[in-house]
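For reference, the structure is listed below as C-alpha cells.
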Amino acid sequence: MNDILLEVKQLKTYFFTEDGIVPAVDDVSFNIHKGETVAIVGESGSGKSVTSLSIMRLIEEPGKIVGGEINFEGINLNKVPRMKMREIRGNRIAMVFQEPLTSLNPVFTVGNQLAESIKLHQKKSKKEAREIGIEMLRKVGIARPDKVYDQYPHALSGGMRQRVMIAMALSCSPKLLIADEPTTALDVTIQAQILRLMRDLIKELDTSILLITHDLGVVAEMADTVVVMYGGQVVEKADVFTLFKEPKHPYTKGLMDSSPKIHEWNEELVSIPGTVPSPFEFPIGCKFADRCPHVMNKCKEEIPSLIEIRKGQEVRCWLHSEKVVDLE
Amino acid sequence: MNYFIKRVLEIIPVLFIISFIVFVLVFVAGDPVALLLPEDAPEEAVETLRTSLGLDDPFYVQYGRYVVNMLQGDFGDSFRYGQDAMSLVLERLPATLELAIASILVAIMIAIPLGIWSSTKKNSSIDLVATGAAVLGKAMPNFWLGIMLILLFSVTLDMLPVSGRGSFSHLILPAITLGTGIAAEMTRLIRSSMLETLSQDYIRTAKSKGLRTGIVVYKHAFRNTLVPVVTIIALQTSTLIGGTLITETVFAWPGIGQLLIQAVNTRDMAIVQACVMVIAFFVIVMNLIADLLYQVLDPRIRYK
Amino acid sequence: MPDSLPMQNNLVKNSKWKRWLKLLLRSKTGTVGLLIVLTIVFVAIFAPWLAPYEHSVIDPLNTHKPPFWMEGGDMANVLGTDNLGRDILSRIIYGSQVSLLVGISSVVLAGVIGVLVGLFAGYFGGFLDAFFMRLADSFLAIPNILLALVMLGVFGPGLMTLILVLGVTNWVQYARIIRGEVLSIKERDFVRAAKTIGVKNRNIIFSHLYPNVISSFIVVATLSVASTIILESSLSFLGLGIQPPQVSWGTILSDGRDYLATSWWLATFPGLAITIAVLGIIFLGDWLRDVMDPRSVK
C-alpha cells in the first residue's frame, strides 16, 4: 500500500476547558489514498471538524493535539516545525470551509485573497498571480473572471463565493483538499453544481479529498470510503457501497433511516432518539449507549473497540464483536 | 453622496437644539447689566443699557436675534475683554488643537500596538498587564495624573516645564496626561474588537492558506478592526475636548479650555456661548468625518 | 398547579444567589471590586466615627505636616496635614461621603430622566421620537464636563446643583437603551399577536421591558457611578463643584495643588482615593457585565 497520501493514526485532540477536559477527537485512525475521496460523517459535536482542523494544525486554545500521528507524504505533521507546516498549509493541503459568506475577508477583493497564496507558495509576481488567479476563477466556472477578480466578496452570491473558495484552495494544486461541509450553507441546486465542480477538478488535478459532512446524500455522491464518527470516536468505517448496503453500527443505521431517500418517499422518516449529549455527559461505556435501540448492559460499562468484521468494514459495537466471537 | 447630504442635514437641527439649550441657560443666568455697570450706577443708566442691549424684548425676539447673529458667527462682545467673543475663541483654538492632536497621537501610539498585542496573546501576562493598565488609566482622574506627572518630572526631576505653552517640551506632559487617559479606553476597545475579528471564519481561512501569523493579524484582522477603531477615535473627540478643558487648567495651557473656565467664573456669557458652539461643532464634524471614513474603510458599507 | 409556582420561584431565586456568589468568588477582580465598594460605603456612612478629627478643624501650629513615615510626621496625623493644619486622612474619609452621594444620586436622577425619555420616545415614535433622538445627539455633541461647567456657572456651584447638573447631563445613554428595547419589543411576534387580540400596547411593553433591560441598565449605571465620581472631582477641582466648608476629594486635591513643591502628599492622597474608589466600581461593573450579559458568556 504505497499510495497512501495521508495516514491518521490514533489521533487525540482534547479541549482543556474550565469545566474539564473534552476529548473532542479520541483515538481516531484512517487513511486516505492518492486520488481517493474519504468522507467523515457525523452529527455536530462528533469531532469531525476538529479532526480536519487537527490535520491542518489549526486547533486553537484551549484545544490541543495530545497524541497520535498525522503522516502526510511521509512527514508527521504533528511534529513538523511551524515554518514547515505553513509551507504545507494552503500549498500541499488546502481547505474549503462551510460558510462561504463569512469565510472570505470582507475588506479585501477576491483577487487580493486569491493571489495571496499563489504569491506565497508559488513565488509569483503580482502580475503572474493575477493571471493564475483569473485562470482559476475561470476553471471553477465563474463567468467574467477578470471582473470578479477585482470585486469584493459581498458583491457575490453564496454559490459564487464558494466557487471562489474552491479556486483559492485549488490554486496551488494541493495533494489533499479538506472540504468541511462545503455545500451545507448553499441552496440545493447550487449544492449539486458545486459537488460536480469539485469532482471534476479533483480528477483533473489528481487531488485527494477529505470530505466532512453530515449529509449522506453528499457522501453517496462523492465518497469512496466513509468514516462514521460519534462522540469523538470512529464507530464505523467502510467503503461507500458496503456502508450503504450493509450498515452495521446502530448509529450508522439511524443516520440512514433519518435521511430522506428519493425513491422511498412514502416511507416514514425515523429520527435517532435523543440528541448528542454535552461533552461531559457521555456514558462511561459505548458513547452511543443512551440513544441506541439495541443497548445491552455491557454497552453501559465498557467501550467496545473498533473491530474489522470483514475486509474493508470496521465497526465499534458490542453487537458485532460478539458475532465475530461466535463465528470463530 | 446622498447619504452624505442626509448626514449634513441632520447636523442642522442638532446645532439649533444646542444653541437653544445654551441660550436658555444664558437667559436664565439673568441680567448681565449688573456686571457691566458699577454697583452704584443710577437707575436710568441701567435702564438705558438694558434697552440698548435689547434685554427688555420678549424671549423669542431675543432668541431670534441671537440665532441671526450666531449664523454670522457673532456671539457679542466679551464683557471682560471688550472684544468680539468669537475672535477671542478662535485666537485660542490653535493651542487647543495642538494639544488635542498631540494627545490623540500619543493615545494611538499606545493603544493600537497594545490592543493588538494583548488580543493576540489573550490571557498571557502581557495581556494582563495591558488590560490592567487600561483599567487603571480609566480609573485615574486626568487632572490628578497631570499633577502627579508635574510632581515627578517638573518638581522632583526638574526635566520638563511645569506649565505654559511654547517649546516642544511644554507639550510633552499635557499630551501624555490627556493621551494616556484616552489610550486606556481605546486599548480596551481595540482589544475586544480584535478578539472578535480574530474569531471570524475568514481568519481561519487566512491561516489555512499558510500565511504568517503577522500577516494574518496585521493584514486580515487589523484591517477589519479599523472601522471600529475609527469610530472609537471619533467618539473620543467629545472626551478629548472635555479632557483638554481640565488639562489646560492644570498646565496653564492657553487654549479654549482655560478661556472657558475663566469665562464661566466671571460669567462672561458671550465667550461661554461661543466656546460651546465651537466645541459642539467640532465634535459633530469629527463624527461626520468618521462616518464618511467608514465608507472608505469598509467596502460592505461602500456598496450600499 | 398554581400553588407550586411560588415555591419553584423561590427555589430558582435561592440557587440564583448561590450561583452569583460562586461567580463572584471565581472572579478575582469582581471580589476585589465588591470589597472596595463595600469599604467605601462603610467609610462614608461611619465617617464621623472613623475620622480621627473633624474635617475642617484648623490647627495653625501644625501645618504642612508630612505623613507618618516621613521625618517630622507622626501617628497623630497619619497622612499629614495641609496648609491650614487640617488632617488629610480625616478630610479624605469625609470626602467619601460627597463622592458617593453625588455619584449615586446623580446617576439615579439621570436614570429616571433617561427611562422616561426612552419610554416616551420608543412608545410614541414618530415626531416625538425624532425630536428626543436629536436632543440626545445634541447632548452627545457637548462634552459632559462642558455642559456641567456651563450649568454650574449659570446656577452657581454647590452640592445640590452639582447633583442636578450631573443628572441632567447623563441621561442620554439610559434613554437610548430603553428606547431601543421598547422598539424591539414592539417588533416582536408575540407583541403583534397580543395586539391582534386586543391587549394594550402599554401593558405589553411594561410587562416585557423590565426583565430584558434591567441587566444592561444596572451595568451602565454602575460604570457611570465611576465616571460621575471622576466628573464631580474634576468640577470640584476647578472650583465649580463642592464649596468649602464641605469637603470632597476634588477640593482637597485642588487645595493641595498650590503646595506641590513643598507638600506633595496634599495632592497625592485624595487622587489615590479617587483612583481606588473608581477602580473598585469599574471592577464590580465589569464583573456584573460578564455575569448579566448572556452574550458575553463563553
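A Cβ is built for glycine as well, from the same backbone N, Cα and C atoms used for every other residue.
TrEMBL: automatically predicted annotations, no manual curation.
Residues of the same chain lying 6 or more positions beyond the ends of the transmembrane segment (B:12-30) and with a Cβ under 8 Å from any Cβ of it are 59, 62-63, 66-67, 70, 267, 269, 272-273, 276-277, 280-281, 284. TrEMBL lists B:12-30 (among others) with the feature transmembrane segment.
Here TrEMBL flags B:93-290 as domain 'ABC transmembrane type-1'.
The transmembrane segment feature in TrEMBL is assigned to B:95-116 (among others).
Within the same chain, residues 114-115, 117-118, 161-163, 173-174, 176-178, 180-181, 183-185, 187-188, 191, 243, 246-247, 249-251 sit at least 6 positions outside the transmembrane segment (B:128-155) and bring their C-beta atoms closer than 8 Å to a C-beta of that stretch. For B:128-155 (among others), the entry in TrEMBL reads transmembrane segment.
If you look at the transmembrane segment (B:167-184), the same-chain residues 6 or more away from its ends with a CB under 8 A from one of its CBs are 98-100, 102-108, 110-111, 114, 133-138, 140, 142, 145-146, 149-150, 153-154, 160-161, 236, 239-240, 243-244, 247-248, 250-251, 253. Feature annotation from TrEMBL assigns transmembrane segment to B:167-184 (among others).
Taken from TrEMBL, the feature transmembrane segment applies to B:226-251 (among others).
With a cut-off of 8 Å between Cβ atoms, the residues of this chain six or more beyond the transmembrane segment (B:271-294) that come close are 4, 7-8, 11, 14-15, 18-19, 22-23, 26, 70, 75-76, 78, 80, 85-86, 88-90, 93, 227, 230-231, 233-235, 237-238, 241, 256, 259-260, 263-264, 301. Residues or ranges marked as transmembrane segment by TrEMBL: B:271-294 (among others).
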